[in-house]
Amino acid sequence: MDGLQSLGDVTAEIFGLPLEGHSVQESKPLKTEDEPQGAPLKPLVFRVDESTPGLVQSVLLERGWDKFDEQRQDVEDWNLYWRSSSFRRAEYVNVKPWQRLNHHPGMTNLTRKDCLAKHLARMRSRYGESLYEFTPLTFIMPTDYTKFVAKYFKEKQDLGTKPSYWICKPAELSRGRGIIIFSDIRDLMFKGTYVVQKYICNPLLVGRYKCDLRIYVCITGFKPLTIYMYQEGLVRFATEKFDLRNLEDYYSHLTNSSINKLGASYQKIKEVVGQGCKWTLSRFFSYLRNWDVDDLLLRQKISHMVILTVLAMAPSVPVTYNCFELFGFDILIDDNLKPWLLEVNYNPALTLDCSTDESVKRSLVHDVIELLYLNGLRSEEKKCGRTSPGNSVVSLARSHHHEFCATPNSSSYASLIEFTTGSKSDPAVQNICPKHTRTSQLREMMSRRDRLLTKEAAKSKPRHKAWHLPRKMVFPYASQSQPHKMKGPAGDLPEAGSTPNDHAGNFVLIFPFNKATFRASRNGLNVKRIIQELQKLMNK
């Protein structure tokens, strides 16, 4: 097919699911193998602070990375900095070409409940109610208090004796903290900035228990806008049976595991749900299929919702380079099988509270790293004869000693190779590429590889797959608007416009989904054009 296939045409393929069983591929244990012939490279280096999840550190060590030690390593001698708190502007400006940060700037527009509500309301007024009807009616307090009161009493008059239900959430808090569910306005209390939303009274129940979905989304860049959705995920259950007659029973109405793991029924074997309060997403979809539900259609609706949500805030993201971010989208399914966006979580929890967490989150972190640093360099080394005979299978743990590419997305980004082939005496080059560090070994090897590939380039014609160019060593994605730019010689900045890889591990590309959306996002976002393409897709 000419061009990247649409989500609608290849839903099963996009999500990597067979027609029957819909099993999700698990990350396999890593094994150690001998290094191939040639000068060995030291491991890549990750940097942490006190907020870095222990699971992230554990996974990186499993993959053969080293932990940064400021006492014995150069201040710039690291490749990945993963922490819970956001980075300062100076850290974004000074990030080096071989480094990655796990946050984009300006993400509160997506993860703060009041900011998200404002952006979605703006998109709804501009592009129509029907397109953005996946969020409940929302009021921001105290700004919208008068509007809310008017709506409350109008609805009360329309419904007569039938109650209406609302939920009030703090704009900045998570894990179910500070939430109030009410039907009587006299019970509404708030201090500070809150959002009040129409409470969804008809959730899809599993064995009479309410649940929601934690969908993991990774945004690897904003120029072009590049969104991946994880095939696996979590389904979180309330631990008491759903009952609108008792709005104060949070174990019945809230699905946050931080609350329900403390409930009296957490360890009990509950109807259908079983013990605990979590399922894997694949188990949930298997349950739906047993009731003749088209789970692929539901997945497709969720992917559209994610794209539309990110589009609401993407134009406001400042220019940054070498960043990525993992988000947790919380989605509730009602009894009409309509998905509703509840909120988007910054730093989704990576704690391991149960065996379901272990199976999902450990693979998730592995696949985030896989998404960022696939072993493309190792495959190129093999072409150049650097792999020892009989060692055609290379483990991920060892391949990461030599890898350093972004998603293998066949782009024309300026690479680390291109930057380091300039004059070694150039002060700018010396500043960007310090000598005698772990990463300096990597840069030197990449330079040798570049010279070899240049000699062989004329002998072979690259094979195209759909609209992707051949895989090559590339830079991480760029981002979008521009309050500031990275400093340094022109050669150290990635070019815009690379075509993303369609998957990595269990992550699948959901945007861009065709040539038109790629062109509409590679040099700044043409939101109107993207919306038009998405509407075509949704109307098929």
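Note: Cβ is positioned from N, Cα and C throughout, glycine not excepted.
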Original post:
Swiss-Prot has R175, G176, Q197, K198, Y199, I200, K210, C211, D212, T255, N256 down as binding ATP; which of K169, K223 does it also list for that site?
Top reply: K169
Original post:
Of R214, R236, R299, which does Swiss-Prot put in the L-glutamate site with S258, K278, K361?
Top reply: R236
**OP:** From the ranges 17-37, 479-499, grab the one Swiss-Prot calls region 'Disordered'.
**Re:** 479-499
**OP:** Write down the Cα-Cα distance for D330 (Mg(2+) 1 binding site) and N345 (Mg(2+) 2 binding site), rounded and given in Å.
**Re:** 8
Original post:
If the L-glutamate site is taken as the center of the Cβ atoms of R236, S258, K278, K361, which further residues of that chain fall within 8 Å of it by their Cβ?
Top reply: R214, L234, S257, C277, A349, D353, C354, T356, D357
**OP:** Within 10 Å of each Cβ, count the other Cβ atoms and name the one among the binding-site residues T255, S258, N345 with the highest count.
**Re:** T255
Original post:
For the binding-site residues I200, C211, which one has its C-beta crowded by the most other C-beta atoms within 10 angstroms?
Top reply: C211
**OP:** Would you count the other C-beta atoms found within 10 angstroms of the C-beta of R236 (L-glutamate binding site) for me?
**Re:** 22
